[in-house]
Amino acid sequence: MCQPVVVTKLSGEMDKPLISRRLVDSDSSLAEVPSEAPKVGILGSGDFARSLATRLVGSGLSVVVGSRHPKRMVGLFPSAAKVTFQAEAVGSPEVIFVAVFREHYSSLCSLSDQLAGKILVDVSNPTEQEHLQHRESNAEYLASLFPTCAVVKAFNVISAWTLQAGPRDGNRQVPICSDLPEAKRTVSELAHAMGFTPVDMGSLASAREIEAMPLRLLPGWKVPTILALGLFIFFYTYNFIRDVLQPYVQENRNEFYKLPLSVVNTTLPCVAYVLLSLVYLPGVLAAALQLWRGTKYRRFPDWLDHWLQHRKQIGLLSFFCAALHAVYSVCLPVRISYRYNLVNLAVKQVLTNKSHLWVEENVWRMEIYLSLGVLALGVLSLLAVTSLPSIANSLNWREFNFVQSTLGFVALVLSTLHTLTYGWTRAFEESRYKFYLPPTFTLTLLVPCVVILVKGLFLLPCLRHRLSKIRRGWEKDSAVKFTLPMDHALAQKTSHV
Ligand code: NAP
């Protein structure tokens, strides 16, 4: 604590509405701000302070910056902002942004008297280590140093770049929290005036949660990405052994040129296909568990719960691999190795006196599997597009469920047909078993076929009916009568709900 005065009332200056006039001249430079515009102070003259000052001036506010070295910094700020010493800067504004790092908060204690009764906006972000080290958030620490001030946590999730570029180019939401509702309202209006969307996060106790937000790095993606990488490494190694190592060891053929493109292209569809089946496998397991337990009111094991929650990310990674596979496949005929092989084949044909090379079965097989592949990718693209929040928000639950569940399953069936027509009879040809390893496509078929099969089983009336009863609250070994509505009327059974 810097000094023991208790805050009584925030100044009446802040009762005035904060105007949101943009003061940008036609030549895009910032014009002079009228002297009567609400004044906002900034402590610190670093990157964040500069971007903040630019945005505040652009939003029609009068800005005064407090620096330890104002002369050195003045040239870096918009001309409409006043850059002065810290003590002078905090004199008149009622809202002061503290754009300094936590470790330097205590150096501001000499300003305690001037800051008494003002709103201090804590914009700081801790590092991951600091966040773990301190149980108290930066904002709470600031509040403990300045008990006479109303501390508000805000703007920490907005980068200096977004502030400078404007809210159209980046995150718009500004989570705000404070123990003083009036101070929170004032900072929310300020955020509005700057073009951002304030999000009320409650009391200052939420500051730790707000400070943790910028520390997150794609939280839902870690496990799905590791899973996709694991599958990629497995299938790449498997394909390498079959397509490159085996010809080298057993036939003395050097096919290492296949490593960057050809092997990658045979690996990607395997990963995409297995990942897609892993989107639907947890649903099948959950349904099986519910059927076995005869209730939906018992929690799933944690691993299944997590798996169910990561389905969207796994599905998007599947789409990503499938899209890459499509692009790689289009590139195949462009390769010089492909042209050499084609010419060699033509020469061989001439030498063996074969004039017309046309195998009807192969032609049909390829036409069909390419078409099925394109269709599967098309349906997968629909799934990917509808998982974007803006699109998902425009769909009702039934529409969303139809696309993600029904169309998703259609994509899985199409991919299975694509794989089967690609493989054709190869699984039964002895020459296809390299080092006794079966063709890769046979491995990829395992999980998807199980998923499709079990899903098919769940369509049997006895299982479907029992499952829909369970999902409506019916429980095994119960004493209460449970009747399904109309179309399930036949399903009247004894239960206790
Ligand atoms: P910075 O460029 O290093 O600026 C920090 C400023 O703190 C310095 O320019 C300095 O200004 C001032 N300061 C005051 N007392 C100080 C002292 N005792 N020792 C050293 N410096 C002192 O950092 P920044 O990037 O602007 O970040 C400032 C705050 O904003 C941090 O808390 C950061 O977490 C937060 N933030 C930054 C961003 C971003 O994108 N940069 C985004 C969100 C939040 P004077 O020398 O003029 O006094």
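Glycine is no exception: its Cβ is also placed from the backbone N, Cα and C atoms.
Because TrEMBL annotations are produced automatically, they should be read as predictions rather than curated entries.
The model shown is predicted, which means the values in this text are computed figures rather than measured ones.
For the ranges 92-113, 400-421, the feature annotated in TrEMBL as transmembrane segment maps to 400-421. When Cβ-Cβ distances under 8 Å to the transmembrane segment (441-463) are tallied for each of 223-241, 271-293, 314-336, 368-388, 400-421, the top count falls to 271-293. Within the chain, the transmembrane segment (368-388) has long-range Cβ neighbours (under 8 A, six or more residues past its boundaries) at 269, 276, 312, 315-316, 318-319, 322-323, 326, 395, 400, 403-404, 407-408, 410-411, 414-415, 417-418, 421-422.
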